[in-house]
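So that you can see what the record holds, here are the features copied from Swiss-Prot:
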| type | residues | note |
| --- | --- | --- |
| ACT_SITE | Asp148 | active site, proton acceptor |
| BINDING | Leu32, Gly33, Lys34, Gly35, Asn36, Phe37, Ala38, Val39, Val40, Lys55 | ATP binding site |
| COMPBIAS | 351-361 | compositional bias 'Polar residues' |
| COMPBIAS | 673-685 | compositional bias 'Polar residues' |
| DOMAIN | 26-277 | domain 'Protein kinase' |
| DOMAIN | 302-342 | domain 'UBA' |
| MOD_RES | Thr181 | phosphothreonine |
| MOD_RES | Ser185 | phosphoserine |
| MOD_RES | Ser575 | phosphoserine |
| REGION | 351-382 | region 'Disordered' |
| REGION | 672-691 | region 'Disordered' |
Amino acid sequence: MVIMSEDASVPAPSAAQPRPLRVGFYDIERTLGKGNFAVVKLARHRVTKTQVAIKIIDKTRLDPSNLEKIYREVQIMKLLNHPHIIKLYQVMETKDMLYIVTEFAKNGEMFDHLTSNGHLSESEARKKFWQILSAVEYCHSHHIVHRDLKTENLLLDANMNIKLADFGFGNFYKSGEPLSTWCGSPPYAAPEVFEGKEYEGPHLDIWSLGVVLYVLVCGSLPFDGPNLPTLRQRVLEGRFRIPYFMSEDCETLIRRMLVVDPTKRITISQIKQHKWMQADPSLRQQQSLSFSMQNYNSNLGDYNEQVLGIMQTLGIDRQRTVESLQNSSYNHFAAIYYLLLERLKEYRSSQLSSRPATGRQQRPRSSEISNAEMPQDSLTSETLRSSLLYQQPQSLIQPSLQAEMDCDMNNPLQPVFFPVDPNFNGLFRNRSISPSSLLETTISEEVRQEKELEDEIKAYDHPIRIPSNTSRRHTLAEVTTHFYQHAPPCIVISSSASPTEGTSSDSCLTSSSNDSSVALSSCLAGQVMTGSPATARMTSAFLASQSDAPVLQVQGCMGGASLLPVSFQEGRRASDTSLTQGLKAFRQQLRKNARAKGFLGLNKIKGFARQVCQSSSSRAARSAMSPFQHAQPNTCIYSSSGSSREGRNLLEEVLQQQRMLQLQHHQLLQPACPQTSQTSATNGLPPSDSAGTCKASNSLLLSELQRENSFELAFGGNSQLLQPHFFGVSVSPVSSAAHLLDTHLYISSNVSPVGTTFSQQQSFSAQSPSYDAVTLQHGDCEMEDLTSNQLGKFVLVK
């Protein structure tokens, strides 16, 4: 008996958006990966709301040997129950298709993590290797050999814990009965496999463990080559390089695992007792504790009564569930049991982790506090049951994913069918409601306020949201890779006062139209908090045209793997890949474009632009309250009242000054006196009026420019802006740099009747008025405090 996956009773969210495809009780969300005869989909269980990975296999494309291998993989996964091994939840089979529902690891492969972030520290590698070793030892204790251990098959869950996956090459073994199948990945394969000899399964896995540990610590492969014969020769020789940063204990452990003779190779028990592994004794205790917490050995009759009670409350027959667990049926009953058990563990761990309040966490409700204080055995099922009835948004699946799903597997999923047990109608016999009403899971007002499940929904809408307690270093390429199917990133560029803040802020990534305004508002709010009133928004197309970094070339038609060109086959360090270099090049390119091309020291004006943009609003408010400012006319563009600079931007004024400073590089200097009179005449003011205006204005001294002694400039709060004729005479860039090195800043306490003079060293000087002590005290608080002998001229060195 089969039924169509699309349920007509569930209304579509909109007329334009197609309904989500379903396989049994699972709503298909997106594609995780594709193969020659299989495709892996990300799905969500409709009852437990748990994300799972469904491997959909087209049996018509498999020969009998490969089909036997698939069945053996399912048989192996049914026997394995370990915290660091991917769990099997359900197996569904039709005439042509096979659906394998397994645990979903949210953080992907260890290979991608190393490619993005570089090699691990030895302490972090030790923690990960303990988890890997525990999983492999568990397999060997059940007489199962993996035979394909590599970083691509080591997945990372939401807590960055190891999950061993892909038992496609796994097999059962007996002690003393060697295996002979050539399988696995060549860089991780043992010498006996390259030689075509029979081998012991555990010895093969130990060699692969040595290669995995080397990759974790070094970020590259110990054995590599341009072709298979070269790689084979290097593996048979057993020679590899040890980097300078690897400790001696780690080196000895890897060398004992990578021994060419399998009989002399170290065993798992000896690995656990090695000095490098025992450097942190707490890790071994954590492994034993985490393994003891796995409390479902269902086929042995060890059931979780609390989970069974929750299922019975939901209307699922308890007796049918127990029978499915005893027979290892892995049907809908067993899948709901296993998924509910995982949800219960997550709920308990979240209650424990939410006890220490943080700045981002909201105050828990009284019911949550009471549940957290209760023992685990006495935890009621009402809270978890209500969370299971939380309604998911109907617009979870993007139209592009739906279109992609329509063409997968040469239409084996059109329409998608799933098998149903003949006695399935007794599943909800203890409930007065219909199955469709249970699947629709109506929302109650109490459940709407469950913050944990709201966070879970937000985590799905933004799958790469980085928690604050993690140490992962996500690059811009990784962000772009995960969102190539959604809206392009909106990158906000602002004038920051601190150079350490970088040039670009975090990307405002939106995955749906409902969240776009919220994400954009939060990003802009973050810019306002940094004190940047003027921000320049740049689209992804502009970034792609301005930056040479290939990582910014967003290609929506390509998958995530296309943006990770670096592989261990190329023999490069993961930390030295183009991902990190691309991000650095992007920031350097933006800084380079923001700099002025010309005289030495012109780039210092960028610091002035940032300082003006950051503190203009606060300084204007303080200047408006100053009695000195009230007594002055609004005649300059930097006046606090802003009457003469309406419609003009501060940043534009600074850029205008940059252009003025680069004019007339070939003219000779003229005498100081004619230039002074010309300056006053050009401004339309007589010399006396010019001097009087300068006396009445205050100035802003940039201490940063004075310290560098490269470009001295004094701007008054109400002083006149330097005009282009100020720079009518100049010298070449080379000669100006030479004069700059010999120039001494000239500050005099004498009051000068003119506004600008020229020194005899061919350096341009702008003269500012003197101030008395009372006026200086009431001036701008950001003005540098000058002593009595420093009041007077301000020299502009060019």
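Glycine too: its Cβ is placed from the backbone N, Cα and C atoms.
Positions of the features from Swiss-Prot, shown on the structure.
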residue	record	Cβ contacts under 8 Å, 6 or more apart
Leu32	ATP binding site	Val40, Lys41, Leu42, Ala53
Asn36	ATP binding site	Arg61
Ala38	ATP binding site	Lys55, Ile56, Ile57, Asp58
Asp148	active site, proton acceptor	Asp166, Gly168, Phe169, Gly170, Cys183, Gly184, Ser185, Tyr188, Ser208
Thr181	phosphothreonine	Arg147, Phe169, Asn171
Counts of helix, strand and coil residues, the domain 'UBA' (302-342), according to DSSP: 29 helix, 1 strand, 11 coil
Recorded ATP binding residues, Leu32, Gly33, Lys34, Gly35, Asn36, Phe37, Ala38, Val39, Val40, Lys55 - maximal Cα separation rounded to whole Å: 14
Of Lys34, Val40 (the binding-site residues), the residue whose Cβ has the fewest other Cβ atoms within 10 Å: Lys34
Local backbone state of Val40 (ATP binding site), from DSSP in three classes: strand
Shell list (ATP; ref centroid = CB of Leu32, Gly33, Lys34, Gly35, Asn36, Phe37, Ala38, Val39, Val40, Lys55; cutoff 8 A): Ile56, Ile57
DSSP-derived class (H/G/I helix, E/B strand, else coil) of Lys34 (ATP binding site): strand
PLDDT averaged over the residues of the domain 'Protein kinase' (26-277): 93
Packing count at Ser185 (phosphoserine) (other Cβ atoms within 10 Å of its Cβ): 16
